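Colleague: Have a look at this one before I ask anything.
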Amino acid sequence: MKARQAAYATLNGVINQHRTLNTLIAQYKSHTAPADQALYQALVYGTLRQYRAYSYLCAQMMAKPPARPGHPLAIILNLGLCQLLTMNLGDHGVINETVNLAAHNGQIRAKGLINAILRRVQREREHWQRALTAAQTHNLPHWLSPHYPAEQTAIAAVNTLPPPLTLRLHPRHDRAAWLTEHPEARANPLHPQAVTLQQGSNVAHIPGFRDGDTSVQDASAQHAATILVPRDGERILDACAAPGGKTCHLLELAPNAHVTALDHDAARLARVKENLDRLHQHATLSHADAADTAAWWDGTSFDAILLDAPCSGSGVLRRHPDIAWLRTPADLHRLSCQQRYLLNRLWPALKAGGRLLYTTCSILPAENQGNIRAFLAAHPEARLRPLDLPACRNTGYGSLHLPDTDGDGFYYALLYKNV
């Protein structure tokens, strides 16, 4: 299957069939020639990140724009605009292949229209590139756009970009010394052990990965283990552990801590074991629902608990642009209820004087400060510890990092249980 046809099928799967991008890429990438796989993924992510903005531009050039976002004509045109406005590909080939794509997907009668629109964009490229930048806020999903009005343009802009590839250096390394040996990386200002590669790389080629010197982890996520301050000898629970980045970071900071890593997904829990094995670490792995404490907890309290709760993923839209199409208001309500339930179920497993860190990769108040406000109101024995983190804002009930070029959107709330 050619890259553009595979990209068309993938976008159709997300927008019209409500399937996840990971599932679709796993399906179609294997049917794409190895030489075309990079182009296929660039087309999918590049188009989906700005799909609504491309549709907005097309509507300005059409007397009768497609009636729905997932119309075949809309998908084909948006793929063409993505290539002409953001990718360094030959114009003639792009236009020709996009017109051919229409013929292969039931849009033969629209070939002339597609050709005319793309040639206009080719002639007026600078104008439409400026228009695309101005239209970026159209990409925000309707359930996110009302929030952060002052930062809306910046959030929309950063979500159009590929995410940074950031590594966590093992604590045995001095970052400045490591960077002198690796000029392909830069110091990430969000965390003292974070370095960001200037260009993406296959895991096999990431410096120090095989030897355990580095691990792939966004800089925002690296705060979780350092906020919790694990200590040797402590009993620590990582309640929603997969894929294991935070579990391994806890053990890097406290190699003799007794860490239990829990996850309800057996396949994802296997990834925790892979990461532990690569770093020559040990943790107790448990395939269980964290909320069902009777199934996995022996009654011995934990000194510290990390709850990286399942969430909307609104802070990682650039990594998972399908979220903007798949999440619904009902999903958001269900997730916030699930998060509160997890908090309340895990709290009894924390010893008096212990600490629980609640985190999400969401920037929605209902999943973050809303949950913590409600939890504190119901638990007078809990107190919130203030945090001072780079580039984060105090929400009144925890700290929030909005997505930027250095890191993902992330929320942190550190709770202590009074003795």
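Cβ coordinates come from backbone N, Cα and C, glycine included.
Keep in mind it's a predicted model, so treat the numbers as computed, not measured.
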Colleague: Pick the one from D218, D263, D322 that TrEMBL also lists for the S-adenosyl-L-methionine site with C240, A241, A242, P243, G244, G245, K246, D289, D308.
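Modeller: TrEMBL lists C240, A241, A242, P243, G244, G245, K246, D289, D308 binding S-adenosyl-L-methionine, and from D218, D263, D322 it also lists D263.
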Colleague: Where does G244 (S-adenosyl-L-methionine binding site) sit in the DSSP three-state scheme?
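Modeller: DSSP call for G244 (S-adenosyl-L-methionine binding site): coil, neither helix nor strand.
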Colleague: At a 10 Å cut-off from the C-beta of K246 (S-adenosyl-L-methionine binding site), count the other C-beta atoms across all protein chains.
Modeller: 26
Colleague: Using the alpha carbons only, what distance in Å do you get between D289 (S-adenosyl-L-methionine binding site) and C361 (active site, nucleophile) once rounded?
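Modeller: D289 (S-adenosyl-L-methionine binding site) and C361 (active site, nucleophile) have their Cα atoms 20 Å apart.
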Colleague: Checking the spread of the S-adenosyl-L-methionine site as listed (C240, A241, A242, P243, G244, G245, K246, D263, D289, D308): what is the longest Cα-Cα distance, in whole Å?
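Modeller: Among the residues the record ties to S-adenosyl-L-methionine, max Cα distance equals 19 Å.
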Colleague: Give the sequence-ordered list of residues that share a chain with C240 (S-adenosyl-L-methionine binding site), lie 6 or more positions from it, and have CB atoms under 8 Å from its CB.
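Modeller: Non-local contacts for C240 (S-adenosyl-L-methionine binding site): L262, D263, A290, L307, D308, A309, P310, L342.
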Colleague: Sort out the sequence-distant neighbours of G244 (S-adenosyl-L-methionine binding site) for me: same chain, 6+ apart, CB within less than 8 Å of its CB, listed by position.
Modeller: A261, R271, V272, K273, E274, N275, L276
